[in-house]
Amino acid sequence: MIDLLQIVIEGSLVGLVYGLVAISFVVIYRAAKIINLAQGEVLVVGAFLLWTFTEGAAGLGWPLPIPVSLLLTAAGCMVFGAAVERSVFRPLIGQPAFTIFMAGVALLILLRGLVQLVWGAETRSIPVILPEGALQIGPFLVNTRLLIGAAFTLALTAALHLFFTRSRLGLRLAAVAEDHTTALSLGVSVRQAIATAWVLGTVVATAASVVLLSGSILSLEVAVIGFKALPVALLGGMESIRGAPLAGVIIGVLEALASAYLDPLTNGAASGLLPYVAMVAVLLIRPYGLFGWRRIERL
Amino acid sequence: MRPTGIWFESYAAEARVLETLRARLWLLALLAALVLLPAVAGPWLLGEFTNLFITLVAVYGLYVTVGMAGQINIAQSAFVGVGAFTAAKLSGMGVPIWATIPAGALAAGCISIVFALPAWRVKGFYLALTTLAAQVMFPIVILALPMSWLGGLVGMPVMPPTLFGLNLGTPTGLYFLGLFVAALATWTAFNLPRSRIGRAFRAVHDNDSAASVMGIQVTRIKIEAFFAGALYAGVAGAVLAYFLQFVTVSSFTLFTSVWYLGMLIVGGLHSPVGPILGVVFVTLLQEGLHKFANAMLQADGGLGGGTVFALSSVVLALCILIALIFEPRGLAHLWHTGMKAFRLWPFPRN
C-alpha cells in the first residue's frame, strides 16, 4: 500500500512537469490556434540558452550568479519566441490549418538542425538550480526539485488562468483563438495576439526545461518530452489552462503505475505506449478533452 | 489552355493523361533512357536511382493521403517500416518476392486503418496527431517484441530476392525492381484523380461538409485514403528491405516521415507531377550537400557526419518554409507554367 502511494506521489509530480510543458502548448493554441509540434524543440532551445548563460558563460571565464543567468535566459527565449513568430508564423496568418501545421513540422527539423549546428550534438550538464534531495513526509519520500516544480506549475496555472479570463489582453487572445476573421473585424490585432502567445509559450517551455533538467543531463533527446506532453494537452482540452496540470497528473500517475506493474510483463513497452494510447482514446471518446471548448465542428 | 491546333474528337481522347503524341513520345524516351541506364552507369549511381525510386513510391502514398484527400499523415515512415519488417520476416521464412511485396503493402494498410479510425470523431490536425502516435509507437512496439519475432534492437537480415530463378539481389536487379514499382506507382497516381474514388478524395479535401451532402461517406473515404497511402508505403518498405538487405527500427524515424512530407510540399501537393519533382529536387540537394561537406571535410576536417545531417535538416526545413510561404503549389506549379510558356512560345503565356 505504501509502495502504491509512493508511486502515485512520484507519478503525479512527474505528471505536473508534463502539465507544465502542456501549458506551453495550450498557451500557443489558445491565442494563435496553432498546435505547434516543435514545442519539444523549443524547450531544447530554451535549455541550451540556459546552459549558455550558466555553464557556458562560466567556461568562458564569466561565471554569472544563478538569478542573473535565469533572467538572461528568460530574455533570450523571449527574443527567440518573437523571432520565430515574426519569421515563420506571421507570413502565414490567414492560411489554412494544414499550412500552419506543416510550418510547425518544418520548424521541428529546422530547430533540431540549428541547435546541432550552433551548440553541437554532445551532451552537457546543467548546474543544480532547484535544490536536489528528498523530503521525508511520513513514510513517503518526495523529490524536492519536482516538488518545487509542482508548486511552480500550480502557481503559474492560476496566474495564466487569471490572465486569460480577467485581463484585457488575455480576453483579446481568447477572441483570436475563437476565430481570426471575427477577431480582426472587432478590432483585435491578430499579429499582436500571436506574438504574445509565442513569447508566453517559449517562456513557459523554458521554465519547464529548468524544472526538468536542473542538475541533470541536456541532450537533443530531451525534445521527446514535447510528444509526451501533447497527449496531456489534448486530454486537458487544448483551450484549457487549468485542464493541463490535472491531465498531467492523470497521465503521470497512469504512466508510473504502468511502469511499476505492467512493464515487467511487457518488456518495458507499457509505460512508453501509454500516453499515445491515451491520446488515441481521448480523440475517439472525447475529442475536446476534459475542459476544452466544445465545438460542433472542429476544422 | 491548350495551344491552337490541338483538339479532340472523342471523350476518351480528351480524358487521356498524355493528351498529345509528342507527350507520349517524351514518355517513351524517358522510359528508354531509364531502361538503358544500367548499361552505362556504375553500381553507385544505380543505388542512388533505386533509392530515389523507392522514395518516390512512398511519397506517392503521401500524395494520395495528404495531397488528394487532405488528411495529414506524419507516420509514412512507420508505414514504410511495417512493410519492410513484413517483407523481411516473410523472406526469412522462404516466401518468394511476388508474395512478400503485396503482403507488406497489406500489412501497412491494415495498421493504417487502426490509426485512421478516429476520423469517425475528429478532423483536421487532430487526425494528424493519431498518425504522430503511430510514428512514436512503432519503434517502442518493435523493440519490446521478443528478439526472435522482429529482431528487436539488432534488426533482421533480408534474404536476397529471386524471381523465376533470376537473382534480383544485384544492383541491376534491384534497380529494375525499383523502376518497376516506381512506374506502377506513377501510373496509378496519375490515373487515380480520374477515378470515382479519386474524385471522392478531392471532394473530401475541398470541403468535407459539402462532400457528405453530395452523398460521399466522408469517414469511410478518409479511412480509405489512409489505407491507399499506406499501401504505397508498404510496397516502398518491402522493396527498401531488399535494397538495404537489413532492417532496423532506426531507419524508420519521425524525421524520415518529415522528409517525405517535405519532398511532397516542395514538389507540390496538388499535382501528380509534384512528387517526382520534389523527390528529384530534394535528392539532388542532399547529394550536393554531401559533396560540399566532403570537400569541407578534406579541407580542414572540422565537419562531422552529424553536422552534415544537421545542415541537410536545416536546408530541407528552409525549403519547406519557403515553399509554404511563397509558393504553396510547389515546383509542380512552376513546371506547369514553364511548360505552358514553352508550348506557346513565342506568344506570351496569358
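Every residue, even glycine, has its Cβ placed from backbone N, Cα and C.
TrEMBL lists A:6-27, A:34-54, A:66-84, A:96-115, A:146-164, A:193-211, A:243-261, A:273-293 with the feature transmembrane segment.
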Which bits of the chain, at least 6 residues beyond where the transmembrane segment (A:273-293) starts or stops, bring a Cβ under 8 A of a Cβ in it?
228, 230-232, 234-240, 242-243, 246-247, 251, 254-255, 258
Between the transmembrane segment (A:6-27) and the stretches A:66-84, A:96-115, A:243-261, work out which stretch tops the count of Cβ pairs under 8 Å.
A:243-261
Per the 3+ Cβ pairs under 8 Å rule, pairs at least 6 apart in sequence, do the transmembrane segment (A:193-211) and the transmembrane segment (A:66-84) touch?
yes
